[in-house]
Amino acid sequence: MLWSSSSLSLAYLRASAWLYNMRLLGELIKMQSSATTHHGDGPLLHSRRRYSCPYGSSSTTVQLRDGRAGLSLLQDTQLIETLAHFSRERIPERVVHAKAAGAYGEFTVTADCSDITSASFLSSVGKTTPVLWRVSTVGPESGSADTVRDVHGWAMKLYTDEGNLDWVFNNTPVFFIRDPIKFPSLNRSHKRNPRTHLPDANMFWDFHNSSPEGFHQLLHLFSDRGTPASLRHMNAYSGHTYKLTTADGGFRYVKFHIKTDQGVRNFTREEAETMAGKNPDFLIQDMFDAIERGEYPTWTVFAQVMEPAQAENYRWNIFDMTKVWPHKDFPLRELGKLTLNRNPNNYFTDIEQAAFSPSTMVPGIAPSADPMLQARMFAYPDAARYRLGANYQQLPTNAAKSPVYCPFQRDGKMNFSDNYGADPNYVGSSLQPTKFYPQLKRMAPSTISTLTEHEKWMGEVCTFTSQVTDDDFVQPAALWEVIKREPGHEQRFYGNVAAHLSGVTCERLRSDIYAWFARISPDLGAGVHQATEELIASSAQ
């Protein structure tokens with residue numbers, strides 16, 4: 001019988017494959033017969049799948065090939081698992097607050113707060129609560145320099161004995177907007193041009209030209225405060241108005257302040273730009289190295305406290321995030337001390353997978369009618385569900401240290417709990433009744449009446465469009481006077497704005513921005529105008 005060349009080749013390949021498989025089977029039998037979990041020189045490698053493991057070598061270069069080291073084989077599960085896992089190592093980056101430092105620490109109560117809140121973690125002087133801390137830039141990507149001019153987000157997860165409490169603050173006491181519908185546009189205008197994929201000063205200033213209520217925040221951003229020299233030397237503020245509640249149903253409005261005990265330190269624009277080139281991770285490294293050296297940074301936590309009746313007649317809307325409460329009207333009241341004393345063991349599991357939301361609260365703290373707070377209470381956990389999955393709260397870094405029982409949240413991807421076993425997964429079961437914690441005490445009639453009237457004041461539903469008035473420039477003008485009192489800061493501010501505003505190619509837009517600054521203070525408008533136009537002229541030569 002005559003064999004064609006193709007038939008001979010096929011027969012040879014089949015024979016080679018059979019011989020190879022026999023040799024492989026023999027090797028597998030030998031390995032399985034001698035396999036142990038540990039070896040004297042170290043643990044024995046097993047892939048997450050048991051088949052084709054353990055391997056005869058700990059080298060990651062071990063592969064299964066044919067006898068002449070040619071074709072890779074589909075049965076080489078080590079190669080397949082390695083490549084497949086590598087392709088899935090990255091999770092979605094945060095759309096804002098991507099670049100961050102992280103650490104662990106503790107919060108200790110230093111003053112009696114029992115008259116303003118029933119929160120257990122604030123119940124007694126000396127009580128300590130573990131804390132997870134994450135501080136980030138806002139707009140830039142994870143690979144950007146952390147000393148670029150930007151607002152810095154300040155997130156803390158307090159693992160209290162009543163559940164987790166997240167404080168999601170910033171390093172400025174105000175914000176760019178007060179209307180949550182503008183939040184996506186604000187962040188897009190601070191990011192990259194959709195066509196060029198480059199930062200765009202025209203986009204940035206065009207947005208703020210149409211939303212001038214944010215010029216108070218722009219004064220913070222373009223002052224030296226926009227380029228902190230160290231996260232250890234930086235303050236944080238809630239910005240939002242919260243409520244502290246008591247067991248009798250009463251409440252007070254509060255704003256939180258976290259003041260560094262190391263003193264505030266900022267870079268000039270030139271120093272920040274130089275450091276961005278030398279070490280784009282400077283702020284992260286500075287914090288990590290300080291903690292490793294045992295130089296544990298501390299902050300004092302304060303609250304401004306306002307009675308509901310005061311809110312109804314106060315000069316400014318207390319739910320407006322572009323405004324502050326002057327300290328002369330509402331002085332700081334000390335609550336406790338924050339200390340950071342431990343670096344994360346693994347950045348990804350401890351910090352990157354951490355999720356923070358203003359909606360994560362404990363009894364004794366409640367949200368106010370602040371519209372930006374209300375919007376963030378939805379947006380932040382929704383972002384976590386997208387980024388980490390529906391069961392993100394089961395991840396060790398997000399899981400509460402106190403007992404948790406919520407059988408109405410179950411199943412979903414990557415659920416690695418016992419999923420509440422056979423407990424009813426619906427509300428109102430008579431077979432296994434659920435008690436809800438805490439049981440609020442009954443309010444006195446007078447308290448109910450007072451609260452009802454106040455709720456009417458803040459809760460009436462109406463069509464609302466935020467209008468910018470002269471009142472929006474009163475607080476920025478006061479801040480400008482503070483900036484001018486610091487030697488050299490006024491000229492640095494002009495230079496900081498000019499370095500950014502000079503990138504605006506539309507002359508009409510630049511003129512509008514000069515006018516907004518002049519509305520804060522005529523000398524401010526004139527100084528920004530002169531510095532910007534001089535820089536444009538010199539660049540054109």
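Positions of Cβ are set from backbone N, Cα and C atoms, glycine also.
Keep in mind it's a predicted model, so treat the numbers as computed, not measured.
For 48-435, the entry in TrEMBL reads domain 'Catalase core'. What TrEMBL records for His97, Asn170 is active site. What TrEMBL records for Tyr380 is heme binding site.
Here the features listed in TrEMBL are placed on the structure.
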residue : record            : Cβ contacts under 8 Å, 6 or more apart
His97   : active site       : Ser136, Thr137, Val138, Gly153, Ala155
Asn170  : active site       : Val138, Val151, His152, Gly153, Trp154, Ala236, Tyr237, Gly239
Tyr380  : heme binding site : Val168, Ala355, Phe356, Ser357, Pro358, Ser359
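Secondary structure at Tyr380 (heme binding site), taken from DSSP and collapsed to helix, strand or coil, is helix.
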